[in-house]
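Take a look at the structure below.
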Amino acid sequence: MMNYLLFLLIGLHSLECPPDTTEYEGECVPSSCLFDGTLCGGHGTCDDYGVCNCDEGYSPTHSGCQPKACVDGTLLCNGHGKCSEQSNGRYKCDCDTGYELYNSAYYCVPEICITGSWLCNDHGICIIDDQDGPYCKCDDTTEGDQCEICAKRGVLIDDVCVYDECVTTYPDGTQDECGGAGLCMSYDWSYICRCDPFDSITLGPFTCISNDCVSDNLSEGVCSRHGYCKARQCICDEGYSGKLCEITTLDCEEDETLVNGVCYPTACLTNYTESDVVLCSGIGTCNFRRKECKCPTEYAGDQCEMCSSGATRVDGACVDNACITDEPDGSISVCNGHGKCVQSESGSVRCRCSKGYGQLDTLTCVSRHCISTNSIVCGHHGVCVNDACQCDDGFSGEYCEDYDNCPANQQYVLGYCVPDVCVTTYSDGQKAICGGYGHCVEKEDGPTCECIKDGRFINGACVSEKCITDTSNDTVCSNNGQCKGGICDCKSGYKPHTCA
């Protein structure tokens, strides 16, 4: 009897688990599936590959299976909060002290980086530094804790800090961004003016001139060389007039009216005073040779006083019907209520979107919070409501970019279910296929990455030769950054390109 009891005691303590596994409730399970003593966080099962298959409504994270509403990529509450169930049965993140939810139920952001509806006043990125604490890393035009003031190279124009080389200073002392006909953009570690491709021309890297200030014959110069272009119109030198400063003041003819020393075609004069002249209702342009008004396509009448058949009056202005949006409540708006309808010289119309809204196509303005880097609204798997994506069933993430129904051992990346071995996950949670520098192909022994011609397969990802800073030991980005799409993305404080 003693021998039998001894055998039972030995048997009860004889479970020896293989490497990388741990005893859990009398069984050996992969250690990668245990989180704080629970299997998959208590909401999933562990497969033979050591991967948690989460229950419906939960997603895998570094903390096990957690409610989807609190998960961004593989991070729970962006790594700075806890997920809690609300009284309505839904989940959201309770952020750590010093952090707040930003435009979602799962994105905890340092309070110091939040400025209204933007991060770092839309002029920087929020850096979470475990040593120095979170801070805003401002662009070259701003400075301050929240990038709220213009830096030495920034000039304040219309409440926006503009890079000084992109600033146009007019003879009257006023200033504008890129001549009022373009936007100052960061390009290759510098800045250039990106001129409006529909109604402006480019004169050098920092000068945009509106088409309204030049004739079809460009050799005649800007404003016929008798003035300068400001706010998309010519400001003429003394003694000159006309849309392009092409008219010299002369004695008036019978069908002209002299106003302040200038002869105007009477047919074009809508109203005038000693200090102001209104031609063609202030809408069209006066053809001084034909002595008649030339109206925009949206307007009609001798003095452009009414809408044309292809336009509708909205808030006092005639708008091309192509830019009119029918709202769900039966009302109408222009460019979804977030832009202006403009016309190019070719006669085509498009929407010029307001700040904070992107141009999905020529006639649609959508909140930038709903447009991913590949210019797709909510990943084609949701709709934009109140500056945020409402995702279709089965999709989640800020841009509905996450798909929850991929087969086992695959992840949803850039619209595809991709084998785990081909997925590159960066420190910021972003994902790419084969490091963004290769393709995932199926071989006889399973899927693998096939790199672009000058790429090399290092540490599970395709790496461009430009990112390899020491070929003797395959050092990538001096070990101070990551190679993303063939370019080094360096940590704060390190030089670009090499991260040295």
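Numbering starts at 1 and runs along the chain as it is shown here.
Yeah, the Cβs are placed from backbone N, Cα and C, and that goes for glycine too.
In TrEMBL, annotation is done automatically, which means it is predicted and not curated.
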Scan C138, C150 and flag the one TrEMBL records as disulfide-linked to C147.
C138
Neighbour tally for C147 (disulfide bond), based on other Cβ positions within 10 Å of its Cβ:
26
Please report, as numbers and ranges, the same-chain residues at least 6 past the borders of the domain 'EGF-like' (66-105) whose CB is under 8 Å from any CB of it.
41, 43, 57-60, 111-112, 114, 117, 119, 128, 134, 369, 387-388, 396-398, 402, 404, 425, 429-431
What is the number of other Cβ atoms found within 10 Å of the Cβ of C304 (disulfide bond)?
24
Return only the integer: C-alpha distance in Å from C147 (disulfide bond) to C295 (disulfide bond).
44
For the domain 'EGF-like' (326-366), residues assigned helix / strand / coil by DSSP:
3 helix, 22 strand, 16 coil
Could you state the whole-number distance in Å separating the C-alpha atoms of C304 (disulfide bond) and C138 (disulfide bond)?
47
Roughly how many Å separate the Cα of C295 (disulfide bond) from that of C138 (disulfide bond), to the nearest whole number?
45
